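Student: Sending over a structure as structure tokens; questions will come in a sec.
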Amino acid sequence: MTKPVVAIVGRPNVGKSTIFNRIVGERVSIVEDTPGVTRDRIYSSGEWLTHDFNVIDTGGIELTDAPFQTQIRAQAEIAIDEADVIIFMVNQREGLTQTDEMIAQMLYKTNKPVVLAVNKVDNPEMRTDIYDFYALGFGEPFPISGSHGLGLGDLLDEVANNFKDEEDDDYDEDTIKLSLIGRPNVGKSSLVNAILGEDRVIVSNIAGTTRDAIDTEYSYEDQDYVLIDTAGMRKKGKVYESTEKYSVLRALKAIERSNVVLVVLDAEEGIIEQDKRVAGYAHEEGKAVVIVVNKWDTLDKDSKTMKKFEDKIRQEFQFLDYAPIAFVSAKEKQRLRTLFPLIKEASENHKKRVQSSTLNEVITDAISMNPTPTDKGRRLKVFYATQVAVEPPTFVVFVNDAELMHFSYKRYLENQIRDAFGFEGTPIRIIPRKRN
């Protein structure tokens, strides 16, 4: 099930980024101790009461023909297009402006829920000065103060009231839900077409739960797959291709609905920072991952080329050290058969459970080989561990003091668990918890 997307829209300097940071709080920072992943602050996740959602901050829209403003407006339109609910922000101190009215006209055409937020209402006496904003035609304005955090509860209540109840994907539990992600022009579309043309049976094209997404069902060697949002991967256009910050919205929706994510790289162009950012989304969502190096046919190769490229990937994607790597050519339909065993194994490991007794034997042996650390004279004591979840496999380790388990020792225990049980293709989570 995908989380709703909330876009914050308005002219410059009305306080959009301040409200964005208020809503997402510390979630704007990266998952702790995840080296090598960068997170763009323009997009993050938020929580309100029982609701999880994604929120996107957009650039300020102005009445100008400046070239950069054309790009900002295009980016905002993409964010609006992908959003389920829009927060339209205005500024009480500056009053209603012509630009506000222009943005309102743009939002009328979307036929989407719009919640009007009047920012910089820093004390109750100022609430009487917001009535001019009724003229924008979006109903009751919600007075807020980004700098003081006032009024956010009422605003988010109204935002959440506009979330649609979305049903889970109606796919069999054994069906592997698969998405492809990667920066523009790495060959995702070609890979989709090549996969669907490789000894497959297409069952049907059906509408996914994500608005206007098309999923494609197919089978390979008695395993059913669903390729999530093939329409999104095939969607072209200079605006989407050139505004990567915003076009990731659709990719993130696909990731949320997937079991396994194929991170597609370009063998010819090599690895760039954007590749790591895109891959980081799949890792942070806890999805099983297979790294796919496409366009392998374009390289002049010798016996060492593949090993050198793999070493480079391991160096650049340290946070994905669990992910297997496949080298393929979608264009030439080379080595595509190597993908499916990796996808299937990653999916199985993503759902794997281990017995507590065997797990604790592994933990005990690990501690005997490498004793727990000390800090200021206090030694970490590990009492026992248990698996509490799958997708991804998640383990709680009960200890005397959770703060004594440093990242390096947590990583050591993870490696020992991997050595004992496998888990190739899936992240695993280890949560230290103080025993009561």
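Keep in mind that glycine also has a Cβ here, set from the backbone N, Cα and C atoms.
Grabbed the feature section from Swiss-Prot, which reads as follows:
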DOMAIN    4-167  domain 'EngA-type G 1'
BINDING   10-17, 57-61, 119-122  GTP 1 binding site
DOMAIN    176-351  domain 'EngA-type G 2'
BINDING   182-189, 229-233, 294-297  GTP 2 binding site
DOMAIN    352-436  domain 'KH-like'
Student: Would you mind checking how many other C-beta atoms are within 10 angstroms of the C-beta on G10 (GTP 1 binding site)?
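Tutor: Around G10 (GTP 1 binding site), other Cβ atoms within 10 Å: 26.
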Student: Can you check which residue among the binding-site residues I61, V121 has the largest number of Cβ atoms within 10 Å of its own?
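Tutor: Checking each of I61, V121, the winner is V121.
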Student: Using DSSP, tally how many residues of the domain 'KH-like' (352-436) sit in helix, strand and coil.
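Tutor: The composition, in the requested order, is 32 helix, 24 strand, 29 coil.
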Student: Could you tell me the mean pLDDT over the domain 'EngA-type G 1' (4-167), as a whole number?
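Tutor: So the average pLDDT across the domain 'EngA-type G 1' (4-167) works out to 80.
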Student: Calculate the distance in Å between the alpha carbons (Cα) of W296 (GTP 2 binding site) and K16 (GTP 1 binding site), and round it to a whole number.
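Tutor: Here the two Cα atoms lie 44 Å apart.
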Student: Just how many other Cβ atoms lie inside 10 Å of the Cβ on N13 (GTP 1 binding site)?
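Tutor: Here the count is 11.
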Student: Just counting, how many other CB atoms are there within 10 A of the CB of T58 (GTP 1 binding site)?
Tutor: 26
Student: Which of the binding-site residues G10, N13, T58, I61 has its Cα nearest to the Cα of N185 (GTP 2 binding site)?
Tutor: T58
